[in-house]
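**Student:** Pasting in a structure now, in structure tokens, and then I'll have a few things to ask.
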């Protein structure tokens with residue numbers, strides 16, 4: 001085991017040789033064996049152990065075990081204690097997700113602050129197969145079957161080609177002690193079922209199971225590479241990024257061999273779950289939309305428009321005081337300046353008669369029913385909705401429109417059109433320049 | 001079950017409604033239930049049963065059972081008896097492969113002769129999951145995980161969305177009898193392990209296992225579609241078909257994100273197994289080659305050349321008698337004609353002095369050491385190998401060269417160059433025209 005491990009490092013993970021490594025250690029078989037292997041190969045390793053305080057005395061015993069191990073192997077060790085249950089409650093996470101988040105955040109912080117080059121975790125081939133099978137029982141796609149990568153950013157998993165059995169044989173052979181974990185989390189339950197009831201039978205069916213499985217996931221990763229290529233190409237062909245939104249060309253999408261498959265690939269990072277609804281948008285009426293937790297996909301004539309859902313605070317009205325010179329708003333910065341002459345006008349700058357304004361001005365999203373007197377239209381009143389229609393704004397563009405109002409009268413449809421009532425006239429004595437940056 | 005089946009047919013397999021159908025029936029649960037369902041929906045079904053004579057009395061009992069069923073359901077029935085073991089021995093196949101080949105050949109023949117539109121088989125969701133898991137234990141790629149298609153050519157599998165359990169519940173509920181199969185073929189053994197030991201536990205882990213599995217394979221099929229797209233595109237970009245060979249541009253291949261993955265996709269239909277050797281060809285010296293059972297891949301400067309391996313009989317020398325007017329050869333037909341004047345010459349036609357020829361002429365592959373006197377080179381002798389080099393023939397082109405010899409003297413490097421010694425001169429009295437078509 002030590003020799004194969006050494007060879008594996010030399011041919012695939014050579015960058016570990018002269019790096020500062022932080023090894024995530026639980027005290028269980030896998031990470032303890034990894035610590036011993038690193039020690040034997042004289043790698044520069046420090047240990048990091050999380051005490052999640054989820055198993056009372058047992059958690060503390062693990063901590064003591066890790067301290068003793070660090071002492072035995074003469075390794076630096078970091079221990080951090082977490083109130084995992086509280087954190088999970090506060091963040092609305094499962095205990096397991098909470099522990100995961102706490103663990104990785106802490107490791108990354110440690111690595112950052114103490115200049116570790118890599119974080120090592122002890123995932124092995126059986127973990128990979130178990131994850132594959134768990135994802136299979138839940139329903140998945142290619143992403144769920146390609147396994148854990150050996151390297152992701154700073155995180156390296158050097159035991160990935162090795163089976164749990166090989167680790168155990170090595171530990172027993174070398175008289176290495178480890179802590180058994182009695183925890184019973186729900187995936188622990190699933191993993192135990194797989195570990196004890198299913199994988200042994202699969203190994204009876206084919207003694208080369210784990211090697212064959214490595215081949216399988218390597219083949220599937222190759223497939224994923226081909227898909228990534230074709231998605232990049234399609235993305236260039238039929239999407240355009242505009243301001244805060246991504247525009248997908250529906251006609252081009254529908255000409256592809258499998259529009260649904262491409263749509264999934266193009267949108268998979270945006271947290272959608274109602275994929276049937278997403279696909280149905282292709283043939284839906286303009287105005288139909290589907291939401292994910294973070295994004296919205298809107299059918300707008302021959303396009304699908306993808307945009308982030310603005311958070312509630314981003315939508316709230318903003319009061320602007322007479323003394324404000326600069327106000328940061330969700331879409332930029334508004335600058336207010338008293339000037340003596342009108343210089344450069346344009347969509348992002350207006351000049352108004354300061355004495356007609358009633359402070360605080362309010363900057364808010366427009367609403368159905370809002371009206372204004374477009375500058376240059378001889379004092380004719382117009383509904384904002386009508387104005388937007390005439391300007392052929394898309395639904396999403398409309399939703400991004402803010403208006404600046406004075407005593408609930410529109411001063412500026414920001415970035416679009418000033419109101420006639422506040423314009424600078426021959427009677428104006430104080431000119432206020434308002435500028436969007 | 002009957003209603004869901006009906007709905008499934010209406011929405012996905014509507015073409016079955018008014019077609020002539022041939023149902024492959026073993027007598028087991030799956031195919032018997034399918035026969036009953038088709039009967040209840042008044043589909044136009046005939047039965048076809050293979051007696052493979054592998055289980056003595058039991059095989060005959062199955063045959064009797066099917067005859068009785070056909071009678072009960074008032075369906076036409078075809079029975080064919082096979083000497084499966086002999087056939088397997090003769091063809092060097094496993095019993096299972098032999099049975100499979102016999103079965104499908106017969107079904108296709110029946111369908112052809114008696115004008116059936118579709119052949120129905122009773123594969124169901126559990127078959128699909130079992131195949132997935134068997135492939136997984138053996139090591140596979142995306143192709144091995146995308147399941148059996150519902151329709152392939154004439155073959156339709158209308159039970160694919162249904163679980164074995166649903167079929168069994170229906171059979172018991174409807175008092176439908178079936179034959180139990182006691183056979184013990186090796187995949188039967190694997191399938192039984194899966195069926196009894198593994199899949200039930202996976203179902204405990206997730207009660208929606210089979211539905212989720214359908215989602216998974218549908219997602220994987222989508223992934224396969226994307227890959228097929230990208231392979232078609234890459235094929236256009238970097239392969240050219242020339243005569244009997246396909247030429248792959250190595251430089252372009254190596255610029256791709258994952259050359260190995262593309263190479264696999266481009267060559268997967270040509271029976272290669274030594275994929276590492278295939279990939280190593282990319283960086284190998286000119287002249288290196290890898291063979292599959294049917295094809296050869298040859299590194300030739302900046303190209304990989306794929307060609308079919310000629311069979312031994314195609315390579316054997318051919319004797320041509322004086323009386324022959326037309327001889328069929330591996331690369332076309334040679335025509336011999338006595339003429340009085342030289343008309344049109346060219347690469348595929350030569351004129352020779354008939355009296356200088358010694359019959360039988362021999363048409364054979366060229367060999368290292370062969371020499372000739374190229375026509376028009378003033379009687380200078382030249383090694384064929386040198387001639388080919390000067391002509392910049394690729395290795396594969398060279399191997400496809402045949403020569404026509406008279407008393408072991410080259411008359412014609414066929415399709416390339418005539419020999420000076422046999423040319424028509426002023427002294428020639430009999431001109432023989434030799435023409436390759």
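Just so you know, the numbers here start at 1 and follow the chain as drawn.
From the backbone N, Cα and C atoms, a Cβ is placed for every residue, glycine too.
Computed from a predicted structure; not experimentally measured.
Look at TrEMBL and you will find A:26, A:27, A:28, A:29, A:30, A:31 tagged as ATP binding site. Sequence annotations record features per position, and here TrEMBL assigns domain 'Lysidine-tRNA(Ile) synthetase C-terminal' to A:361-434.
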**Student:** What are the DSSP helix, strand and coil residue counts for the domain 'Lysidine-tRNA(Ile) synthetase C-terminal' (A:361-434)?
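**Tutor:** Breakdown, helix to coil: 15 helix, 28 strand, 31 coil.
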**Student:** Using CB atoms and a 10 A radius, I'd like the single residue among the binding-site residues A:27, A:28 with the highest neighbour count.
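**Tutor:** It comes out as A:27.
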**Student:** Quick check on the binding-site residues: of A:26, A:31, whose CB has the lowest count of neighbouring CB atoms inside 10 Å?
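**Tutor:** Fewest other Cβ atoms within 10 Å, among the binding-site residues A:26, A:31, is found for A:26.
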**Student:** Given the recorded ATP site (A:26, A:27, A:28, A:29, A:30, A:31), which additional residues of the same chain have their Cβ within 8 Å of the Cβ centre, ordered by sequence?
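**Tutor:** My list of surrounding residues reads A:25, A:32, A:33, A:122, A:178, A:179, A:181.
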**Student:** The domain 'Lysidine-tRNA(Ile) synthetase C-terminal' (A:361-434): mean pLDDT?
**Tutor:** 90
**Student:** Look up residue A:26 (ATP binding site) in the DSSP assignment and reduce it to helix, strand or coil.
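**Tutor:** In the DSSP reduction, residue A:26 (ATP binding site) maps to coil.
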**Student:** Let me check the 10 A CB neighbour count of residue A:30 (ATP binding site). How many other CB atoms are there?
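**Tutor:** The Cβ of residue A:30 (ATP binding site) has 22 Cβ neighbours within 10 Å.
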